[in-house]
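Asker: Below is a structure I'd like to ask you about.
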């Protein structure tokens, strides 16, 4: 079985490959494997909108296979839900992970009584080889640390402390994240449904 993942994000792709490593019959590809692929702008208003845009764009050139589009981001209560769907571009269109993290911490400290409660949200839109659409959601609750810590993961992992933990995701490592992350939860829901149609 082929699964094509609509992402150009190397960190995200590596995470998917890690999460799917125990499925020997599954071959994972991404839009990066298509030389002429041009992604569409992510101009949706929700995570689901953007996940659908990604999946549909890839499916236009790779039909009759499984295609997965995903949008994920960090939702911070004290910032009225920001960075949200703008998580990857929070500090600007070409911002690095560290620039996005710096802006996040700055925006939180500007609040008179910072609310650091947050959650990672992931929505995946999957197209079956016959074109049926499936939608899955996952989330991970936690708080924002006062400064970055840890060397694992990507994005906001160095400042996100999962509920019940004292270390950031970047400190806890890939083993923890692959079991309990927002992405792992959404992917688990997809794989459970896949078992019902492809046992």
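Using N, Cα and C of the backbone, Cβ positions are placed for all residues, glycine too.
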Asker: May I ask you to find which of 72, 95 Swiss-Prot records for the substrate site already listed with 7, 8, 9, 10, 11, 12, 154, 155, 156, 157, 177, 182, 183?
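Answerer: When Swiss-Prot describes the substrate site, the candidate it includes is 72.
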Asker: What does DSSP call residue 7 (substrate binding site) in the simple three-state scheme?
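Answerer: The three-state answer is coil.
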Asker: Can you name the residues of this chain that are 6 or more positions from residue 9 (substrate binding site) yet have a C-beta less than 8 Å from its C-beta?
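Answerer: Long-range Cβ contacts: 88, 154.
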Asker: What is the interatomic distance between the Cα atoms of residue 157 (substrate binding site) and residue 71 (Mg(2+) binding site), given in whole Å?
Answerer: 16
Asker: Among residues 7, 8, 9, 10, 11, 12, 72, 154, 155, 156, 157, 177, 182, 183 annotated as binding substrate, what is the maximum Cα-Cα distance? Answer in Å.
Answerer: 20
Asker: Where among the binding-site residues 11, 155 do you find the Cβ with the fewest other Cβ atoms within 10 Å?
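Answerer: Taking 11, 155 as the binding-site residues, the minimal 10 Å Cβ count falls on 11.
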